[in-house]
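Colleague: Encoded as C-alpha coordinates, here's the structure I'll be asking about.
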Amino acid sequence: MDKYAVWGNPIAQSKSPQIHRHFAQQTQQNLDYVAILGDEEQFEQQLLDFFAQGAQGCNITAPFKERAFKLAQQHSERCLSAESCNTLKKLADGTLFADNTDGAGLVSDLQRLNWLKANQNILILGAGGATKGVLLPLLQAQQNILITNRTFSKAQELAAKFSQYGNIQAVELEHIPVQKFDLIINATSTGLQGKTLNINPQILQLATAAYDMQYSKESDTPFIALCKQQGVKQTCDGFGMLVGQAAHAFYLWSGVMPDVEPLLMLV
Ligand code: ATR
(Lines of atoms letter the chains of each structure in order from A and count residues from 1; the text may use other names and numbers.)
(Lines give C-alpha, C1' and ligand atoms only; values in the text may rest on other atoms or scores of the structure.)
Protein backbone atom coordinates (compact mmCIF):
# COMPACT_ATOMS: atom_id res chain seq x y z
CA MET A 1 0.00 0.00 0.00
CA ASP A 2 1.39 3.46 -0.92
CA LYS A 3 2.27 5.54 2.12
CA TYR A 4 1.37 9.23 2.39
CA ALA A 5 0.91 11.75 5.22
CA VAL A 6 0.31 15.34 6.15
CA TRP A 7 2.96 16.98 8.33
CA GLY A 8 2.30 19.97 10.57
CA ASN A 9 2.43 21.24 14.15
CA PRO A 10 -0.30 21.29 15.39
CA ILE A 11 -1.86 18.61 13.17
CA ALA A 12 -4.86 17.12 15.01
CA GLN A 13 -7.20 19.62 13.28
CA SER A 14 -6.16 18.56 9.77
CA LYS A 15 -8.88 17.35 7.44
CA SER A 16 -6.34 16.07 4.91
CA PRO A 17 -6.42 12.38 6.00
CA GLN A 18 -10.20 12.32 5.64
CA ILE A 19 -10.07 14.07 2.25
CA HIS A 20 -7.32 11.88 0.78
CA ARG A 21 -8.84 8.65 2.03
CA HIS A 22 -12.06 9.68 0.34
CA PHE A 23 -10.23 10.48 -2.91
CA ALA A 24 -8.46 7.08 -2.76
CA GLN A 25 -11.74 5.25 -2.29
CA GLN A 26 -13.42 7.24 -5.05
CA THR A 27 -10.62 6.57 -7.58
CA GLN A 28 -9.80 3.04 -6.35
CA GLN A 29 -6.21 3.83 -5.36
CA ASN A 30 -4.46 1.82 -2.65
CA LEU A 31 -3.32 4.59 -0.33
CA ASP A 32 -2.50 4.84 3.36
CA TYR A 33 -2.65 8.49 4.50
CA VAL A 34 -1.97 9.59 8.08
CA ALA A 35 -1.41 12.83 10.01
CA ILE A 36 2.03 13.29 11.56
CA LEU A 37 2.99 15.83 14.20
CA GLY A 38 6.31 17.26 13.01
CA ASP A 39 8.96 18.17 15.56
CA GLU A 40 10.07 21.81 15.44
CA GLU A 41 13.72 20.79 15.93
CA GLN A 42 13.93 17.54 14.00
CA PHE A 43 11.49 18.13 11.13
CA GLU A 44 13.99 17.65 8.27
CA GLN A 45 15.40 14.41 9.67
CA GLN A 46 11.90 13.08 10.43
CA LEU A 47 10.79 13.80 6.89
CA LEU A 48 13.86 12.16 5.33
CA ASP A 49 13.29 9.08 7.55
CA PHE A 50 9.63 8.97 6.43
CA PHE A 51 10.70 8.84 2.78
CA ALA A 52 13.56 6.42 3.51
CA GLN A 53 10.94 4.09 4.99
CA GLY A 54 9.10 3.94 1.67
CA ALA A 55 6.67 6.88 1.64
CA GLN A 56 5.66 8.14 -1.81
CA GLY A 57 4.59 11.66 -0.94
CA CYS A 58 3.16 14.00 1.65
CA ASN A 59 1.43 17.26 2.30
CA ILE A 60 3.05 19.93 4.40
CA THR A 61 1.22 22.47 6.50
CA ALA A 62 2.16 25.19 9.00
CA PRO A 63 4.79 25.81 10.19
CA PHE A 64 6.90 23.65 7.87
CA LYS A 65 6.07 24.84 4.34
CA GLU A 66 9.24 26.91 3.88
CA ARG A 67 11.45 24.25 5.44
CA ALA A 68 10.04 21.59 3.10
CA PHE A 69 10.64 23.98 0.19
CA LYS A 70 14.31 24.24 1.15
CA LEU A 71 14.71 20.50 1.69
CA ALA A 72 13.47 19.44 -1.77
CA GLN A 73 15.89 19.06 -4.68
CA GLN A 74 13.38 19.89 -7.44
CA HIS A 75 10.47 22.34 -7.61
CA SER A 76 7.53 23.19 -9.86
CA GLU A 77 7.35 26.76 -11.18
CA ARG A 78 4.37 27.56 -8.95
CA CYS A 79 6.29 26.24 -5.95
CA LEU A 80 9.34 28.34 -6.80
CA SER A 81 7.19 31.45 -7.08
CA ALA A 82 5.45 30.68 -3.77
CA GLU A 83 8.79 29.92 -2.05
CA SER A 84 6.80 27.44 0.02
CA CYS A 85 5.77 23.80 -0.43
CA ASN A 86 2.52 22.10 0.52
CA THR A 87 3.12 18.87 -1.45
CA LEU A 88 6.15 16.62 -1.79
CA LYS A 89 6.52 13.68 -4.14
CA LYS A 90 9.33 11.13 -4.16
CA LEU A 91 10.68 10.79 -7.71
CA ALA A 92 11.93 7.53 -9.25
CA ASP A 93 15.56 8.46 -8.50
CA GLY A 94 14.70 8.99 -4.82
CA THR A 95 14.93 12.79 -4.87
CA LEU A 96 12.10 14.99 -3.55
CA PHE A 97 9.96 17.11 -5.88
CA ALA A 98 8.23 20.09 -4.23
CA ASP A 99 4.97 21.55 -5.44
CA ASN A 100 2.52 24.13 -4.15
CA THR A 101 -1.07 23.32 -5.05
CA ASP A 102 -2.72 26.06 -2.97
CA GLY A 103 -3.13 28.46 -5.89
CA ALA A 104 -4.43 25.73 -8.18
CA GLY A 105 -6.90 24.79 -5.42
CA LEU A 106 -8.13 28.37 -5.24
CA VAL A 107 -8.42 28.71 -9.02
CA SER A 108 -10.35 25.40 -9.22
CA ASP A 109 -12.73 26.55 -6.52
CA LEU A 110 -13.32 29.89 -8.24
CA GLN A 111 -14.04 27.97 -11.46
CA ARG A 112 -16.47 25.72 -9.61
CA LEU A 113 -18.27 28.81 -8.34
CA ASN A 114 -18.25 30.22 -11.87
CA TRP A 115 -16.43 33.28 -10.52
CA LEU A 116 -13.45 33.15 -12.83
CA LYS A 117 -13.61 35.03 -16.10
CA ALA A 118 -10.59 36.48 -17.90
CA ASN A 119 -9.57 40.08 -17.20
CA GLN A 120 -11.39 40.49 -13.92
CA ASN A 121 -10.27 42.98 -11.31
CA ILE A 122 -9.38 41.22 -8.07
CA LEU A 123 -8.48 42.92 -4.80
CA ILE A 124 -6.35 40.74 -2.53
CA LEU A 125 -6.18 41.56 1.17
CA GLY A 126 -2.89 40.44 2.72
CA ALA A 127 0.67 39.96 1.52
CA GLY A 128 1.93 37.00 3.57
CA GLY A 129 2.63 33.39 2.67
CA ALA A 130 -0.98 32.61 1.76
CA THR A 131 -1.00 35.40 -0.84
CA LYS A 132 2.38 34.44 -2.28
CA GLY A 133 1.11 30.88 -2.75
CA VAL A 134 -1.77 31.87 -5.02
CA LEU A 135 -0.47 34.77 -7.12
CA LEU A 136 1.08 32.84 -10.01
CA PRO A 137 -2.00 30.66 -10.72
CA LEU A 138 -4.29 33.72 -10.48
CA LEU A 139 -2.12 35.74 -12.85
CA GLN A 140 -1.91 32.76 -15.22
CA ALA A 141 -5.74 32.79 -15.17
CA GLN A 142 -5.53 36.34 -16.59
CA GLN A 143 -6.70 38.16 -13.50
CA ASN A 144 -5.76 41.81 -12.87
CA ILE A 145 -4.63 41.99 -9.28
CA LEU A 146 -4.50 44.82 -6.80
CA ILE A 147 -2.89 43.82 -3.54
CA THR A 148 -3.13 45.64 -0.24
CA ASN A 149 -1.71 44.93 3.19
CA ARG A 150 -1.37 46.39 6.67
CA THR A 151 2.38 46.50 6.05
CA PHE A 152 2.42 48.18 2.66
CA SER A 153 6.07 47.35 1.85
CA LYS A 154 5.19 43.63 1.75
CA ALA A 155 2.44 44.26 -0.81
CA GLN A 156 4.90 46.32 -2.86
CA GLU A 157 7.50 43.55 -2.74
CA LEU A 158 5.02 40.94 -3.96
CA ALA A 159 3.73 43.19 -6.75
CA ALA A 160 7.30 43.82 -7.93
CA LYS A 161 8.20 40.12 -7.79
CA PHE A 162 5.09 38.93 -9.65
CA SER A 163 4.75 41.68 -12.27
CA GLN A 164 6.76 39.49 -14.66
CA TYR A 165 3.74 37.13 -14.76
CA GLY A 166 0.91 39.60 -15.35
CA ASN A 167 -0.95 42.68 -14.23
CA ILE A 168 -0.38 43.20 -10.51
CA GLN A 169 -0.09 46.36 -8.47
CA ALA A 170 0.07 47.29 -4.79
CA VAL A 171 -1.98 49.91 -2.99
CA GLU A 172 -2.00 51.21 0.56
CA LEU A 173 -4.95 50.15 2.72
CA GLU A 174 -6.14 53.75 3.04
CA HIS A 175 -5.90 54.38 -0.72
CA ILE A 176 -7.79 51.45 -2.21
CA PRO A 177 -9.80 53.01 -5.04
CA VAL A 178 -13.52 53.08 -4.36
CA GLN A 179 -14.52 51.00 -7.37
CA LYS A 180 -16.35 47.82 -8.20
CA PHE A 181 -14.05 44.81 -7.81
CA ASP A 182 -15.21 41.58 -9.45
CA LEU A 183 -13.78 39.70 -6.51
CA ILE A 184 -12.22 40.52 -3.15
CA ILE A 185 -10.09 37.75 -1.63
CA ASN A 186 -9.15 37.73 2.02
CA ALA A 187 -5.69 36.18 2.36
CA THR A 188 -4.85 37.68 5.75
CA SER A 189 -4.73 35.60 8.90
CA THR A 190 -6.91 38.10 10.78
CA GLY A 191 -9.76 35.57 11.00
CA LEU A 192 -7.66 33.42 13.33
CA GLN A 193 -7.75 36.36 15.77
CA GLY A 194 -11.51 36.74 15.22
CA LYS A 195 -10.87 39.99 13.32
CA THR A 196 -10.99 41.44 9.81
CA LEU A 197 -8.75 43.88 8.00
CA ASN A 198 -9.83 47.47 8.39
CA ILE A 199 -10.90 48.56 4.90
CA ASN A 200 -13.35 51.15 3.67
CA PRO A 201 -16.81 49.45 3.80
CA GLN A 202 -17.79 51.17 0.54
CA ILE A 203 -15.29 48.94 -1.26
CA LEU A 204 -17.07 45.87 0.08
CA GLN A 205 -20.49 47.30 -0.74
CA LEU A 206 -19.50 47.66 -4.39
CA ALA A 207 -17.91 44.21 -4.76
CA THR A 208 -19.51 41.53 -6.92
CA ALA A 209 -18.12 38.64 -4.86
CA ALA A 210 -15.95 37.95 -1.83
CA TYR A 211 -13.86 34.87 -1.04
CA ASP A 212 -12.14 34.06 2.25
CA MET A 213 -9.16 31.74 1.99
CA GLN A 214 -9.90 30.69 5.57
CA TYR A 215 -12.94 28.58 6.33
CA SER A 216 -15.22 27.83 9.20
CA LYS A 217 -17.75 25.01 9.28
CA GLU A 218 -19.67 26.18 12.33
CA SER A 219 -20.36 29.80 11.41
CA ASP A 220 -19.29 32.46 8.92
CA THR A 221 -15.67 33.56 9.14
CA PRO A 222 -15.30 37.16 10.40
CA PHE A 223 -14.55 38.33 6.82
CA ILE A 224 -17.56 36.56 5.30
CA ALA A 225 -19.77 37.89 8.11
CA LEU A 226 -18.54 41.44 7.42
CA CYS A 227 -19.09 41.08 3.65
CA LYS A 228 -22.63 39.82 4.17
CA GLN A 229 -23.28 42.69 6.56
CA GLN A 230 -22.13 45.10 3.83
CA GLY A 231 -24.48 43.48 1.32
CA VAL A 232 -22.08 41.43 -0.81
CA LYS A 233 -24.40 38.99 -2.60
CA GLN A 234 -21.90 36.26 -3.45
CA THR A 235 -19.64 35.03 -0.67
CA CYS A 236 -17.68 31.82 -0.12
CA ASP A 237 -15.15 30.60 2.42
CA GLY A 238 -12.03 28.59 1.62
CA PHE A 239 -13.24 25.07 2.29
CA GLY A 240 -13.41 24.38 -1.45
CA MET A 241 -9.86 25.68 -1.81
CA LEU A 242 -8.72 23.22 0.87
CA VAL A 243 -10.35 20.33 -0.97
CA GLY A 244 -9.05 21.72 -4.29
CA GLN A 245 -5.42 21.89 -3.16
CA ALA A 246 -5.77 18.31 -1.91
CA ALA A 247 -7.19 17.21 -5.27
CA HIS A 248 -4.25 18.75 -7.13
CA ALA A 249 -1.80 17.04 -4.73
CA PHE A 250 -3.60 13.72 -5.25
CA TYR A 251 -3.31 14.25 -8.99
CA LEU A 252 0.44 14.91 -8.72
CA TRP A 253 0.91 11.61 -6.86
CA SER A 254 -1.49 9.34 -8.71
CA GLY A 255 -2.06 10.93 -12.12
CA VAL A 256 -5.81 10.78 -11.39
CA MET A 257 -7.88 13.92 -10.73
CA PRO A 258 -10.57 13.15 -8.13
CA ASP A 259 -14.02 14.68 -8.08
CA VAL A 260 -14.19 17.30 -5.31
CA GLU A 261 -17.98 17.74 -5.31
CA PRO A 262 -18.91 14.81 -3.01
CA LEU A 263 -16.39 16.02 -0.45
CA LEU A 264 -17.77 19.53 -0.34
CA MET A 265 -20.97 18.01 1.01
CA LEU A 266 -19.48 15.20 3.10
CA VAL A 267 -16.73 16.71 5.25
P1 ATR B 1 -0.02 33.27 6.14
O2 ATR B 1 0.93 32.16 5.87
O3 ATR B 1 -1.33 32.87 6.76
O4 ATR B 1 -0.19 34.18 4.97
P5 ATR B 1 1.67 35.31 7.22
O6 ATR B 1 2.69 35.07 6.16
O7 ATR B 1 2.13 35.57 8.62
O8 ATR B 1 0.66 34.11 7.34
O9 ATR B 1 0.74 36.53 6.73
C10 ATR B 1 -0.31 37.01 7.49
C11 ATR B 1 -1.03 38.11 6.71
O12 ATR B 1 -2.16 38.56 7.49
C13 ATR B 1 -0.19 39.34 6.45
O14 ATR B 1 -0.66 39.97 5.30
C15 ATR B 1 -0.48 40.17 7.70
O16 ATR B 1 -0.25 41.56 7.55
P17 ATR B 1 1.22 42.16 7.86
O18 ATR B 1 2.06 41.80 6.67
O19 ATR B 1 0.99 43.60 8.00
O20 ATR B 1 1.67 41.48 9.13
C21 ATR B 1 -1.96 39.94 7.83
N22 ATR B 1 -2.44 40.16 9.21
C23 ATR B 1 -2.33 39.33 10.26
N24 ATR B 1 -2.90 39.87 11.37
C25 ATR B 1 -3.37 41.08 11.00
C26 ATR B 1 -4.10 42.12 11.67
N27 ATR B 1 -4.43 42.02 12.96
N28 ATR B 1 -4.44 43.22 10.97
C29 ATR B 1 -4.11 43.33 9.66
N30 ATR B 1 -3.45 42.38 8.96
C31 ATR B 1 -3.08 41.27 9.61
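Here the Cβ of each residue, glycine as well, is placed from N, Cα and C on the backbone.
Keep in mind that TrEMBL annotations are predicted by a computer and have not been checked by a curator.
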Colleague: Out of Gln140, Gln179, Gln245, which is the one TrEMBL records at the shikimate site of Ser14, Lys15, Ser16, Thr61, Asn86, Asp102, Tyr215?
Modeller: Gln245
Colleague: From Met213, Met265, grab the residue that TrEMBL records in the same NADP(+) site as Glu77, Gly126, Ala127, Gly128, Gly129, Ala130, Asn149, Arg150, Thr151, Phe152, Ser153, Lys154, Gly238.
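Modeller: Answer per TrEMBL: Met213.
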Colleague: Look up Ser14 (shikimate binding site) in the DSSP assignment and reduce it to helix, strand or coil.
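Modeller: The residue in question, Ser14 (shikimate binding site), is coil (DSSP, three-state).
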Colleague: Quick one, of the recorded positions Lys15, Lys65, which Cβ has the fewest other Cβ within 10 Å?
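Modeller: Checked Lys15, Lys65; of these recorded positions, fewest Cβ neighbours within 10 Å: Lys15.
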Colleague: Looking at the binding-site residues Ser16, Tyr215, Gln245, which has the shortest Cα distance to Asn149 (NADP(+) binding site)?
Modeller: Tyr215
Colleague: Counting only residues 6 or more past its boundaries, what in the same chain has a CB within less than 8 Å of a CB in the domain 'SDH C-terminal' (238-262)?
Modeller: 2, 4, 15-16, 19-20, 22-23, 26-27, 29, 31, 56-57, 59, 86-87, 89, 99, 101-102, 104-109, 112-113, 211-215, 217
Colleague: For the shikimate binding site, please report the maximum Cα-Cα distance among Ser14, Lys15, Ser16, Thr61, Asn86, Asp102, Tyr215, Gln245 in Å.
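Modeller: Greatest Cα-Cα span of the listed binding residues: 18 Å.
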Colleague: Just name the winner among Glu77, Asp102 (the binding-site residues) by count of other CB atoms within 10 A of its CB.
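Modeller: Of Glu77, Asp102, the one with the most crowded Cβ is Asp102.
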